[in-house]
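Student: Sending over a structure as structure tokens; questions will come in a sec.
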């Protein structure tokens with residue numbers, strides 16, 4: 001029975017053994033690497049770049065450049081005259097000779113590429129590693145990242161500058177249409193006699209449209225000089241551009257560290273009372289407002305903040321709750337908000353269903 005059992009197992013085991021032996025054989029071509037250092041498609045191909053230029057591996061950059069210039073003049077397509085047995089390093093005389101010389105020079109003139117090439121000559125067994133280093137350098141971007149960053153920052157700064165000027169001019173045009181500011185600017189222009197000069201008739205008679213445009217420009221210029229616009233529509237400042245912010249970042253960082261150290265020493269360690277500037281700073285941080293937003297507030301609002309002592313956390317929480325209640329009352333009396341609530345109550349938002357009507 002043991003012999004019969006062995007006979008029954010024999011065909012199954014014998015059927016599996018060829019597949020087990022065949023699997024390693026299929027992986028052999030993938031693991032086999034060429035033993036030769038010179039590989040077709042890498043650097044100078046099957047030619048030694050040093051032999052192509054006629055220099056040794058210890059040659060300096062100057063010697064490599066000198067050898068390249070001599071061979072380039074000799075094998076340049078415009079000057080090349082084929083002769084029997086002529087060619088760099090014994091290469092056949094053809095138009096490929098000049099390309100081979102140029103490739104050898106490009107390989108050896110760069111220190112990093114030359115190191116990779118020398119490493120390939122010394123370690124021919126690392127076949128796939130040589131391919132990786134060769135194509136990683138060829139496909140790497142040639143442009144310096146620092147130049148790209150600098151150009152991008154300059155482009156953003158230029159866009160910021162013109163965009164801010166456009167917003168500022170729009171704000172001036174809007175203020176010129178507001179009766180309050182327009183009447184004041186017109187009175188100032190009359191006092192200075194600017195409107196009379198615009199209407200004076202000289203040798204070149206002006207049309208009504210030209211006079212109107214000139215008066216409009218006078219009013220806008222007075223508004224620019226008399227009104228200090230703050231916030232997002234303020235007059236553009238060069239120091240606010242991204243380029244100057246990046247350049248001045250170390251200065252701002254040092255000044256912030258010095259300010260923070262003074263704050264900790266004066267108020268946390270010595271326990272001094274806050275001044276008006278420090279109180280407004282704490283209030284602004286509690287309200288989560290930027291400096292430009294806080295500066296755009298009216299003076300009476302800031303005085304109210306100081307009067308209510310909003311730099312104290314408990315007082316600010318009470319003020320915040322009051323503002324939320326006031327906002328709810330305004331929304332409750334707002335006709336548009338009432339219509340929205342009525343619509344939500346009667347119809348509600350649309351629903352997506354898959355039930356066939």
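Glycine residues also receive a Cβ, built from the backbone N, Cα and C atoms like all the rest.
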Student: Examine the ranges 19-39, 40-60 and name the one recorded by Swiss-Prot as transmembrane segment.
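Tutor: Matching range for transmembrane segment: 19-39.
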Student: Given 220-240, 241-261, 262-282, 283-303, which one carries Swiss-Prot's transmembrane segment label?
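Tutor: Going through 220-240, 241-261, 262-282, 283-303 one by one, Swiss-Prot flags 241-261 as transmembrane segment.
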Student: For the domain 'J' (48-121), what is the mean per-residue pLDDT, to the nearest integer?
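Tutor: Mean per-residue confidence for the domain 'J' (48-121): 78 out of 100.
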